[in-house]
Amino acid sequence: MSKKPVRVAVTGAAGQIGYALLFRIASGEMLGKDQPVILQLLEIPDEKAQKALTGVMMELQDCAFPLLVGMEAHSDPMTAFKDVDYALLVGARPRGPGMERADLLAANAQIFTAQGKALDKVASRNVKVLVVGNPANTNAYIAMKSAPSLPAKNFTAMLRLDHNRALSQVAAKTGKPVAAIKKLTVWGNHSPTMYADYRFATIDGQDVKDMINDQEWNANVFLPTVGKRGAAIIDARGLSSAASAANAAIDHMRDWALGTNGEWVTMGVPSQGWYGIPQDVIFGFPVTCENGEYKVIEGLPIDAFSQERINKTLEELEGEKDGVKHLL
Ligand SMILES: NC(=O)c1ccc[n+]([C@@H]2O[C@H](COP(=O)([O-])OP(=O)(O)OC[C@H]3O[C@@H](n4cnc5c(N)ncnc54)[C@H](O)[C@@H]3O)[C@@H](O)[C@H]2O)c1
Ligand SMILES: O=C(O)C[C@H](O)C(=O)O
């Protein structure tokens, strides 16, 4: 018997990440090749954006995806999020010319307050929310705080792109395939302050730290490369990462929904005090997923170098949180 369709909301659906994401959701790459989906797509109430969304929907239709059993265009989160089981919050206000960081935080705070409130009112009580739009951790925090009747644990931010970037750098350094690398993680904020950590990673049972054995490379090559990768892509492409960001969003949601078979992945999730990170700060942690739930790996030793990096990314997140507290 075929499964009951699930409702998937995607915001910023006519944007460049949306274009790299929707076709993969509709083909079953996110929730499984046996899971029918209904796409509920949100764009701003602007003629050009809505027209572009219509074009994307025409293309989705032209793919004749067997799993795509419904599709709707929306300009209001209150209708877009009705009964949704999954919400991918991609649309956000980009930094414009002359815009200060505080202005960017405030503009996005408005968007994510409204979207959090709408999720609170109309989404499924089990909705799984992934925030991709930057600043992703703080936007997820705002949406979570604006949705008090939903479980806080259902709000997550995307650190998976940083995780995947770190995997590829370690693979290149060791000459081993990415699939062989286990137990890597990225702590903190989706920003250049994130701390990609291979201290626990193994390849075919061997410690990656011993294989690399180069703290100078870790501190001065690996961490800056992963941390500044988003800016390097903007510089090279003239646009921010889109296909790799969409791919990371698919990975994040697929693993959350379908499980990781004991493998570690990184998710930005509201802290419950793990590793001294204050309650509710949305922070990248190592997790495993099973039965639709993530579980943070606890009890890992944190050395002085790692603690310093974790403190730095936490400090940045606390600063972002302070910058929006008057708006919540
Ligand atoms: N977390 C990550 O790893 C990561 C990686 C890459 C990009 N990003 C972020 O993802 C976001 C989207 O990137 P993009 O390249 O698709 O941008 P884009 O500008 O191509 O598309 C964004 C779309 O969102 C729409 N939008 C804006 N406000 C909206 C709202 N309130 N409701 C619904 N739609 C809205 C815009 O109309 C636009 O079509 C950006 O904030 C970007 O910085 C995050
Ligand atoms: O959009 C950006 O600023 C960069 C993006 O978050 C990325 O990591 O590629």
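Heads up, the Cβ atoms here are built off N, Cα and C, so glycines get one too.
Now, the feature entries from TrEMBL:
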- 6-155: domain 'Lactate/malate dehydrogenase N-terminal' (DOMAIN)
- GLY12, ALA13, ALA14, GLY15, GLN16, ILE17, GLY18, ASN108, GLN115, VAL132, GLY133, ASN134: NAD(+) binding site (BINDING)
- ARG95, ARG101, ASN134, ARG165: substrate binding site (BINDING)
- 160-326: domain 'Lactate/malate dehydrogenase C-terminal' (DOMAIN)
- HIS190: active site, proton acceptor (ACT_SITE)
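Taking GLY133, ASN134, ARG165 as the candidate binding-site residues, the subset whose CB lies under 6 angstroms from any atom of ligand 2 consists of ASN134. Each of the binding-site residues ARG95, ARG101, ARG165 was scored by the number of other CB atoms within 10 Å of its CB, and the largest score is that of ARG165. As a summary of secondary structure, the domain 'Lactate/malate dehydrogenase N-terminal' (6-155) carries 66 helix, 28 strand, 56 coil according to DSSP. A straight line from the CA of ARG101 (substrate binding site) to the CA of GLY133 (NAD(+) binding site) spans 15 Å. The binding-site residues near ligand 1, defined by a Cβ under 6 Å from one of its atoms, are GLN16, chosen from GLN16, GLN115, ARG165. Here the binding-site residues are GLN16, ASN134; the one with the fewest Cβ atoms within 10 Å of its Cβ is GLN16. Between the farthest pair of Cα atoms in the NAD(+) binding residues (GLY12, ALA13, ALA14, GLY15, GLN16, ILE17, GLY18, ASN108, GLN115, VAL132, GLY133, ASN134), the distance is 20 Å. Counting every protein chain shown, the Cβ of GLY18 (NAD(+) binding site) has 25 other Cβ atoms within 10 Å. ASN134 (substrate binding site) sits 14 Å from GLN16 (NAD(+) binding site), taking the Cα positions as reference.
Across the structure, GLY18 (NAD(+) binding site) and the residue listed as 'active site, proton acceptor' are spaced 19 Å apart at their Cα atoms. Summarising the environment of GLY133 (NAD(+) binding site), the number of other Cβ atoms within 10 Å of its Cβ, over all protein chains shown, is 25.
Of all Cβ atoms in the protein chains displayed, 25 besides its own lie within 10 Å of the Cβ of ALA14 (NAD(+) binding site). Of all the recorded positions listed (GLY12, GLN115, HIS190), GLY12 has the fewest other CB atoms within 10 A of its CB.
Each residue contributes its Cα atom, and for GLY12 (NAD(+) binding site) and ARG165 (substrate binding site) these two points are 24 Å apart.
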